[in-house]
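Trainee: Please read through the structure below; I'll follow up with questions.
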Amino acid sequence: MSGATSSADLDEAPARTIHVNQPQQNKFRDNQVSTAKYSVVTFLPRFLYEQIRKAANAFFLFVALLQQIPDVSPTGRYTTLVPLLFILTIAGIKEIIEDYKRHKADSAVNKKKTIVGDFVKVTNGQHLPADMIIVSSSEPQAMCYIETANLDGETNLKIRQGLCQTASLQSREELMKVSGRIECEGPNRHLYDFVGTLRLDGQSPVSVGPDQILLRGAQLRNTQWVLGIVVYTGHDTKLMQNSTKAPLKRSNVEKVTNMQILVLFCILLVMALVSSVGALLWNRTHGEVVWYLEMLSVNFGYNLLTFIILYNNLIPISLLVTLEVVKFTQALFINWDIDMYYPETDTPAMARTSNLNEELGQVKYLFSDKTGTLTCNIMNFKKCSIAGVTYGHFPELETERSSEDFSQLPPSTSESCEFDDPRLLQNIENDHPTAAHIQEFLTLLAVCHTVVPERQGNKIIYQASSPDEGALVKGAKRLGYVFTGRTPHSVIVDAVSSRCAWHSGCQPHAVCPATRAALTQHCNNLGDSLGKENDIALIIDGHTLKYALSFEVRQSFLDLALSCKAVICCRVSPLQKSEIVDMVKKHVNAITLAIGDGANDVGMIQTAHVGVGISGNEGMQATNCSDYAIAQFSYLEKLLLVHGAWSYNRVTKCILYCFYKNVVLYIIELWFAFVNGFSGQILFERWCIGLYNVIFTALPPFTLGIFERSCTQDSMLRFPQLYKITQNADGFNTRVFWGHCINALIHSIILFWFPLKVLEHDAVFTNGQGIDYLFVGNIVYTYVVVTVCLKAGLETTAWTRFSHLAVWGSMLLWLVFFGVYSAIWSVFPIAPDMLGQAGMVLRCGYFWFGLFLVPTACLVKDVAWRAAKHVYYKTLLEEVQELETKTRELGKAMLRDSNGKSVNERDHLLKRLGRKTPPSLFRAHSVQQSVSHGYAFSQEEHGVVSQSEVVRSYDTTKRRTEVQ
């Protein structure tokens with residue numbers, strides 16, 4: 001599991017002593033990190049706990065236990081236990097397959113084996129495998145440069161420097177001769193704190209601070225190699241201490257379904273109680289008259305248990321396995337989506353879990369990492385303004401580009417420079433009045449930065465702490481001012497065939513963080529607008545956030561944040577990211593989604609209802625801990641608007657239909673109880689009851705859950721307002737659920753009492769043969785199968801060959817089975833009561849008349865209700881569906897609201913539909929669909945060591961030391 005130490009544990013973490021080149025006297029954690037949900041030991045208890053949390057599973061386990069009591073169950077001892085075990089087995093196999101993928105991904109991360117006390121060498125570009133103290137490096141004075149984007153999201157280079165006592169230890173022989181010990185604090189989550197002492201034999205003790213520590217997840221940059229001694233490994237590293245334990249996530253739809261199942265169970269108990277009381281009263285009033293009948297037990301408790309078992313199918317046991325298959329298939333659709341495949345890295349989208357598919361359709365708040373996630377972090381030098389003259393300015397770039405324009409953009413080059421304006425150099429050569437200003441401008445571009453040049457043969461590679469700095473230096477290079485090197489006191493530039501050196505320096509500036517009083521003042525300024533969405537944004541840094549998340553002002557900060565359209569949190573720790581998500585998740589009744597690409601995003605990814613990882617340049621830690629993984633942030637659009645909305649509609653329709661068809665059939669047993677004196681007698685043959693969900697009505701829920709869609713993916717993307725339907729849970733809530741149940745109740749009344757009243761007289765056949773309860777039961781059963789299959793057809797919006805197979809094939813399957821099952825007793829000793837039933841039913845004229853009349857009477861109300869809503873209350877969804885039916889040229893149509901007025905937002909969307917462009921082209925390039933240029937500014941990142949120290953410490957003219 002992804003482990004995180006609690007606050008109490010952090011305070012009590014004991015200090016540790018690490019022996020150098022000696023056996024360790026204490027046992028430390030290994031360097032293995034796991035993001036999987038299960039292990040071999042924990043799978044069974046954790047899996048069973050997760051399954052029993054589902055109300056349906058808990059209920060059927062209860063019923064299965066009741067059936068083991070002798071002489072209580074009217075349907076046998078194993079009719080519930082066997083299906084339940086089958087469902088749990090299917091769910092277990094699915095969980096094992098998904099968790100195996102997580103273990104496989106973890107294995108790729110855990111390739112590097114190391115333990116506390118080891119000497120480790122890391123080369124340029126590699127990520128550090130553990131937390132370690134710097135011993136020496138290829139740079140002077142044991143310095144090295146790291147990027148900590150995985151830890152704190154900062155992309156600027158940070159300098160770390162080893163102790164002078166160990167800087168000369170660069171060979172294997174020298175390292176093997178070292179002996180001593182390191183005394184340091186215990187594992188904790190504080191990224192910028194470290195307290196320790198290095199005690200080498202024969203030397204004075206030396207204190208070790210955060211400047212000597214390299215943390216797991218950081219990347220070595222601009223340094224050929226570094227040697228260090230490991231102090232924390234695995235879940236003890238500061239990176240993993242900032243992670244949170246992988247939670248067992250459940251979707252909101254599942255929680256709502258569980259609640260409705262509990263209410264339905266209470267109704268079942270009331271039904272069983274009423275039936276038991278009815279049996280008791282009927283026996284008292286009719287016991288002497290019908291003495292020839294074998295009466296139901298007079299034991300009230302036994303009767304109650306009997307009716308609980310009799311009515312238990314009111315809750316569909318097939319729902320669970322149906323949803324498992326449906327969600328697993330939906331996850332495959334996500335994995336197979338070619339629009340979310342990134343060919344440059346051969347990375348498809350991946351659903352690491354299928355339990356949250358419908359949750360993607362309800363996301364209200366999105367929490368995104370910025371660097372590498374929301375932005376590609378790629379800058380290009382395109383234009384500049386010098387002395388009032390604009391160079392590289394092209395008016396045609398100001399117009400909004402269509403998707404065709406973007407599809408033809410060239411890929412970004414490594415030079416990060418698309419500047420092409422010969423006037424600038426011509427003005428220098430022609431001694432233009434602004435020539436001096438131009439030269440000064442280019443000089444400043446080439447001098448004022450923290451870029452480090454590295455030579456590979458005759459080529460100069462610029463290692464920049466931020467992409468905007470790199471773009472500016474490369475732009476200066478293209479214009480003839482080539483930055484070639486730096487020393488601790490100067491930078492070297494080849495400027496138009498001459499070499500110059502400038503002394504450099506920089507002035508740090510102070511930051512004035514907001515205070516808690518200022519935060520409260522902002523809330524007061526909003527007045528009545530507080531708590532409502534306003535066209536404002538909130539920007540807060542990590543230092544201020546520490547106060548904002550404190551108990552005193554947490555609610556004020558939340559109210560202020562929810563009043564803004566966007567909240568930008570700068571330079572926050574991984575734990576702060578997860579705390580922000582947790583705050584919104586707990587205090588706002590809405591679904592949250594967190595997306596990121598670095599290890600510093602793991603906490604918020606695991607805390608949010610849905611976590612999405614991006615396979616970026618910051619390792620696979622975020623991907624391995626996510627619920628869904630994509631290669632580009634732009635793919636999130638289709639993941640939510642298409643797959644999320646489709647999955648929500650499919651899952652909710654599947655759930656509602658499963659409850660509907662079960663209530664229709666099994667509530668009939670209650671109506672029959674009023675006829676049979678509450679004896680517990682069943683109306684239908686036992687195996688017909690058992691196969692109702694397994695065979696005869698099994699296909700419609702699958703087609704609704706897998707192939708149903710309200711609109712095409714083009715419409716879902718072009719009309720993002722359609723997402724509000726699923727976001728607001730308009731298709732599945734308490735009102736909708738009980739509306740379907742009441743509708744099923746009405747249908748069951750029609751399906752039972754209409755045939756019963758028609759057949760209550762015995763003169764049915766010309767040969768004088770009478771009818772029995774099973775004859776009536778088979779007719780009612782046939783009507784039920786036909787009605788619920790036709791109901792599935794009414795619920796289907798997108799008809800496919802599978803839809804036709806499910807609806808018409810299920811009816812035909814029952815009729816074929818009925819005919820065979822009624823004649824099989826002479827061959828197999830099964831169901832002797834069914835012998836000849838098919839012939840009797842099919843020869844009955846009342847049956848054929850009712851086959852048309854009864855299902856029509858049931859469904860005419862549904863059709864009339866739907867038609868009335870469509871006429872008097874047409875929704876945006878229905879309007880889009882009409883447009884899809886009438887024409888493919890959606891841009892030529894005009895949507896109108898219920899009052900006939902033009903809807904501005906919808907009109908704006910429709911105007912964009914005139915472009916005959918495949919939707920995939922909108923995601924072809926990670927660029928804005930507006931003006932393709934802008935300005936970016938490098939700034940001081942305020943790391944542990946300032947950028948001025950980085951610049952002044954570096955000397956590219958010296959030859960680097962090679963490790964032996």
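Glycine is treated like the rest: Cβ placed from N, Cα and C.
Predicted automatically and left uncurated, TrEMBL annotations should be read as such.
From TrEMBL, for reference:
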ACT_SITE  Asp369  active site, 4-aspartylphosphate intermediate
BINDING   Asp369, Lys370, Thr371, Glu469, Arg571, Lys577, Asn600, Asp601  ATP binding site
BINDING   Asp369, Thr371, Asp597, Asp601  Mg(2+) binding site
DOMAIN    624-874  domain 'P-type ATPase C-terminal'
TRANSMEM  261-282  transmembrane segment
TRANSMEM  302-323  transmembrane segment
TRANSMEM  663-683  transmembrane segment
TRANSMEM  689-707  transmembrane segment
TRANSMEM  736-754  transmembrane segment
TRANSMEM  774-794  transmembrane segment
TRANSMEM  806-828  transmembrane segment
TRANSMEM  840-860  transmembrane segment
Trainee: Rounded to a whole angstrom, what is the C-alpha distance between Lys577 (ATP binding site) and Asp369 (active site, 4-aspartylphosphate intermediate)?
Mentor: 9
Trainee: Would you count the other CB atoms within 10 A of the CB of Lys370 (ATP binding site), including those on all shown protein chains?
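Mentor: Result for Lys370 (ATP binding site): 14 other Cβ atoms within 10 Å.
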Trainee: Quickly jot the same-chain residues contacting the transmembrane segment (302-323) by Cβ under 8 Å, restricted to those at least six beyond its ends, or write none.
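Mentor: Same-chain contacts beyond the ends: 54, 56-57, 59-60, 63, 66-67, 69, 71-75, 80, 83-84, 86-87, 90-91, 261, 264-265, 267-269, 271-273, 275-276, 279-280, 296, 651, 654-655, 658-659, 661-663, 665-667, 669-670, 680, 682, 689, 693-694, 698, 701-702, 705.
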Trainee: Using all protein chains shown, find which of the binding-site residues Arg571, Lys577 scores highest when you count other CB atoms within 10 A of its CB.
Mentor: Lys577
Trainee: Rank 663-683, 774-794, 806-828 by Cβ pairs under 8 Å to the transmembrane segment (736-754) and hand me the top one.
Mentor: 663-683
Trainee: For the transmembrane segment (774-794), I need the partner stretch with the highest count of C-beta pairs below 8 angstroms, choosing only from 261-282, 663-683, 689-707, 840-860.
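Mentor: If we count Cβ pairs closer than 8 Å to the transmembrane segment (774-794), 840-860 scores highest.
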Trainee: Please work out which recorded stretch in 261-282, 689-707, 840-860 has the most C-beta pairs separated by under 8 angstroms from the transmembrane segment (663-683)?
Mentor: 261-282
Trainee: Determine the minimum-neighbour residue: among Asp369, Glu469, Asp597, Asp601, listed as recorded positions, which Cβ has the fewest other Cβ atoms within 10 angstroms?
Mentor: Glu469
Trainee: At a 10 Å cut-off from the C-beta of Asn600 (ATP binding site), count the other C-beta atoms across all protein chains.
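Mentor: Around Asn600 (ATP binding site), other Cβ atoms within 10 Å: 30.
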Trainee: Rounded to a whole number, how many Å is the Cα of Lys370 (ATP binding site) away from the Cα of Asp597 (Mg(2+) binding site)?
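Mentor: The separation of the Cα atoms works out to 9 Å.
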Trainee: Out of Asp369, Glu469, Arg571, point to the one nearest Asp597 (Mg(2+) binding site) in space (Cα versus Cα); all of them are recorded positions in the record.
Mentor: Asp369
